[in-house]
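Undergrad: Below are the features I grabbed from Swiss-Prot:
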{"type": "BINDING", "residues": "H74, H76, H244, D319", "note": "Zn(2+) binding site"}
{"type": "BINDING", "residues": "H74, H76, H244, D319", "note": "Fe(3+) binding site"}
{"type": "BINDING", "residues": "R83, Y146, H179, Q247, T324", "note": "4-imidazolone-5-propanoate binding site"}
{"type": "BINDING", "residues": "Y146, N321, G323", "note": "N-formimidoyl-L-glutamate binding site"}
Amino acid sequence: MRQLLPGNTVWRNIRLATMDPQRQAPYGLVDNQALIVREGHICDIVPETQLPVSGDNIHDMQGRLVTPGLIDCHTHLVFAGNRAAEWEQRLNGASYQHISAQGGGINATVSATRACAEETLYLLARERMMRLASEGVTLLEIKSGYGLELATEEKLLRVAAKLAAENAIDISPTLLAAHATPAEYRDDPDGYITLVCETMIPQLWQKGLFDAVDLFCESVGFNVAQSERVLQTAKALGIPVKGHVEQLSLLGGAQLVSRYQGLSADHIEYLDEAGVAAMRDGGTVGVLLPGAFYFLRETQRPPVELLRRYQVPVAVASDFNPGTSPFCSLHLAMNMACVQFGLTPEEAWAGVTRHAARALGRQATHGQLRAGYRADFVVWDAEQPVEIVYEPGRNPLYQRVYRGQIS
């Protein structure tokens, strides 16, 4: 019988879906195990017969399923207002160009967010964050991008920092100043990119407000040359990069981001084989965002089979935002990725655990249940991981553990 050291906490009588690729079973499943936690990290995973049955720091989970904490690696969580009215207009036949001419589209969210007090933005974002936490999310990426000016971009990143300070969920903040051209630069997008590169990135990086730089390389966003200026600026400062690419057309954005060893290429509906090969060579994760595909009623699906063939890691995220994916649910995104894009449930699980961790540069500490990894995990009233993917409207979460503490 193994003796527990003082300060150790044990979860026993569990079915572990470790998501460890070194384990042969689907989902890295192992039965009749015990998880030993100390100081916020997993010390060991051992057969439960090696440990005492009961004690002050022993939690008997009665055979429940345990998985790594979920990771939502692509969200636009901090914003004000909503775009419900323009969604109704679109369904009644209005074009995006018509809506934009009336002040709608992303600029409507930018205007509302610029005008919103920081404390109000914080309260709005906190409610959304806790919704994701209630689904078992323990690591969350938050992008800026609804300021499109230095002061408001900084305000959004300060909100993300305030959320992180609550110590309820890990936050990975991303600067997405190159999200769209603001109205005041409508006729000078190159001038706006100069502002992003010469002012926003260096000043906000110096303040320690973000972990990575993102951009929107698209026909309705920024072209390849403008996008490369952003990537060059970030890389010169040693900042990891990522990109919204190939969502609505094939511009070569995935190849561009991969050339800069981007953490991830996101959306990728129009990705071609050359882009997939570049992602493999650049170590870039493909992030699927089925909520936007569904909400925009797109028809071009990401090349999932090509990604499999080239062994490119595939993550899945909510893309929660007011304009194209108003779905604050990672469970729903997992289901959509299977139904719409043809992922298997196991691939969807990998997409919100170990591959999502890689998309945030956290693969050495998050996304798997292994000795030395962070003790972020979820106990479910379920027998199999597929149950969480199969029925997204039902949340069988029993217990969420963050940094070794029940939360």
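Positions of Cβ are set from backbone N, Cα and C atoms, glycine also.
Show me how these features fit into the shown structure, please.
TA: H74 (Zn(2+) binding site) counts 32 other C-beta atoms within 10 Å of its own C-beta, drawing on all protein chains shown.
The Cβ of H244 (Zn(2+) binding site) has 31 neighbouring Cβ atoms from other residues within 10 Å, across all protein chains displayed.
Here H179 (4-imidazolone-5-propanoate binding site) comes close to I106, K143, S144, G145, Y146, L148, D214, L215, F216, G221: these same-chain residues lie at least six apart in sequence, with C-beta atoms under 8 angstroms from its C-beta.
Counting every protein chain shown, 21 other Cβ atoms lie within 10 Å of the Cβ of G323 (N-formimidoyl-L-glutamate binding site).
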Undergrad: When you average the Cβ positions of H74, H76, H244, D319 for the Zn(2+) site, which other residues in that chain have a Cβ within 8 Å of that mean position?
TA: T75, K143, D266, H267, L289, A292, A317, F320, N321, S325
Undergrad: With H, G and I counted as helix, E and B as strand and the rest as coil, say where DSSP puts Y146 (4-imidazolone-5-propanoate binding site).
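TA: It is coil.
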Undergrad: Other residues with Cβ within 8 Å of the Cβ centroid of Y146, N321, G323 at the N-formimidoyl-L-glutamate site?
TA: H76, F79, R83, I106, T109, G145, P322, T324
Undergrad: What binding-site residues in the list H74, R83, H244, Q247 lie within 10 angstroms of G323 (N-formimidoyl-L-glutamate binding site), counting C-alpha atoms?
TA: R83
Undergrad: How many Å separate the Cα atoms of N321 (N-formimidoyl-L-glutamate binding site) and H76 (Zn(2+) binding site)?
TA: 5
Undergrad: Count the Cβ atoms, other than its own, that fall within 10 Å of the Cβ of Y146 (4-imidazolone-5-propanoate binding site), considering every protein chain shown.
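TA: Taking all protein chains shown, Y146 (4-imidazolone-5-propanoate binding site) has 30 Cβ neighbours within 10 Å.
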Undergrad: Between Q247, N321, T324, which of the binding-site residues has the fewest other CB atoms within 10 angstroms in the structure shown?
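TA: Minimum Cβ neighbour count within 10 Å, taken over the binding-site residues Q247, N321, T324, occurs at T324.
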